[in-house]
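Enquirer: There's a structure below that I have some questions on.
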Amino acid sequence: MVVETDKKELICSFCSKKQHEVKKLIAGPAVFICDECIDLCTDIMKEESKVALKQITSSIPTPQKICGILNDYVVGQDQAKKILAVAVYNHYKRLEYVQSGNNDVELNKSNILLIGPTGSGKTLLAQTLAKILDVPFTMADATSLTEAGYVGEDVENILLRLLIAAEFNIAKAQKGIIYIDEVDKIARKSENPSITRDVSGEGVQQALLKIMEGTVASVPPQGGRKHPQQDFVQLDTSNILFICGGAFMGIDSIITSRTNHSSIGFAANVNIDKEKNNSEILKSLEIEDLTKFGLIPEFIGRLPIVTTLDELDNEALITILTKPKNAIVKQYQKQFELDDAELVIDDSALEAIAEKALAKKTGARGLRSILEHLLLDSMYKVAELKKQRVIITQEVVNGLVEPIMTSLISTKSNKKQPIIEDIPA
């Protein structure tokens, strides 16, 4: 039996134009699309990208305003804030320039490297910048990344997180910010190139090069490793701002060794930087120090803006506890307030908390865990008792006595007492 088939002329599934009416007809699974519809889709996507960029660039604050907003959340680090504010402002102005079609001068992208001790505010600076600019933001830990083909996380998964942050709006994601933390942990194991594979060090640096410089990356929308059968989202990284951060423990010795090397005589090397702290030493940082530390020259070249952050002292930690809009003490006070209770932390207690964080060398990052440990029992009790005032003193912080709890109902006026005592300027 012969089955007769109608040989119908192929048509575009979108505009219904016949094959002979268009230049090209591309076949997909049970559908066809013509070159004209492809051009139209491309134009729509370009227009969406322009709109997304216009929304960002039209609301970019000036460097001084960016710095002012950073001051509300980040304590100290004035030079780093100034450098970041100018860098971010110039980055998004560059996008506006590129989108305008001007090509008389080519403006290159300037990614940023932040170097500073643990808890000095690197991550907070990057997060706050993204909040100020209202752009998609994601963070990645460099230690979890490995070179493609090895156990670990591919660098494309960082781009997937940015897409998720942008709710899969590709145009928006392409103008976002990616913060890669602990980038010092992917330094190669020795200064000289190794014949063995360094998949979590130099291999990761090599993998990051392309996306940091600018490429159209194939991102698996479901995450995980790539395989030929899966679909990919194409993401252009040319306009994504990369901020890398790390503590770079030991780089101060490299800098000191270099600066002392030029001195003459045996006595010259005897701790001429003895009185300098790490922050002062880091200000003498040069590219060769980063290379000696283990970053490859090509990777350093993708991070033209390098800024160092100061180690936080006792005074700065007390300010972090009490002054910013998101101050940790203010957060705990609000938590107590939700249970009809008050939290009072006196000056001596604040001093003791700061000293504990300094002793642990955790910087601002350790303040929350210290307070959480101090207030755990009090938070456990006030939820039941209600109307309680909890007082934290130096003795409480040092573990000599329990937090002092008094009833708010016993006071006649029942007025709230000052929650933080004035801290001397």
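The backbone N, Cα and C atoms fix where each Cβ goes, and this holds for glycine too.
Feature list, courtesy of Swiss-Prot:
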DOMAIN    1-53  domain 'ClpX-type ZB'
BINDING   Cys12, Cys15, Cys34, Cys37  Zn(2+) binding site
BINDING   Pro117, Thr118, Gly119, Ser120, Gly121, Lys122, Thr123, Leu124  ATP binding site
Enquirer: Return only the integer: C-alpha distance in Å from Gly119 (ATP binding site) to Cys37 (Zn(2+) binding site).
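Expert: Cys37 (Zn(2+) binding site) has its Cα 52 Å from the Cα of Gly119 (ATP binding site).
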Enquirer: Provide the number of Cβ atoms within 10 Å of the Cβ of Thr123 (ATP binding site), excluding the reference atom itself.
Expert: 16
Enquirer: Thr118 (ATP binding site): which of the binding-site residues Cys12, Cys15, Cys34, Cys37 is the nearest Cα neighbour?
Expert: Cys37
Enquirer: Hey, of the binding-site residues listed (Cys12, Cys15, Cys34, Leu124), which one tops the CB count within 10 A?
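Expert: Comparing the binding-site residues Cys12, Cys15, Cys34, Leu124, the most crowded Cβ belongs to Cys34.
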Enquirer: Among the binding-site residues Cys12, Cys15, Cys34, Cys37, which ones place their C-alpha within 10 angstroms of the C-alpha of Thr123 (ATP binding site)?
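Expert: For Thr123 (ATP binding site), the binding-site residues whose Cα atoms are within 10 Å come to none.
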Enquirer: Give me the long-range Cβ neighbours of Cys37 (Zn(2+) binding site): same chain, 6+ apart, Cβ under 8 Å, in sequence order.
Expert: Cys12, Phe14, Cys15
Enquirer: Check the binding-site residues Pro117, Gly119, Gly121 for other C-beta atoms within 10 angstroms of each C-beta and report the one with the most.
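Expert: Answer by Cβ density within 10 Å: Gly121.
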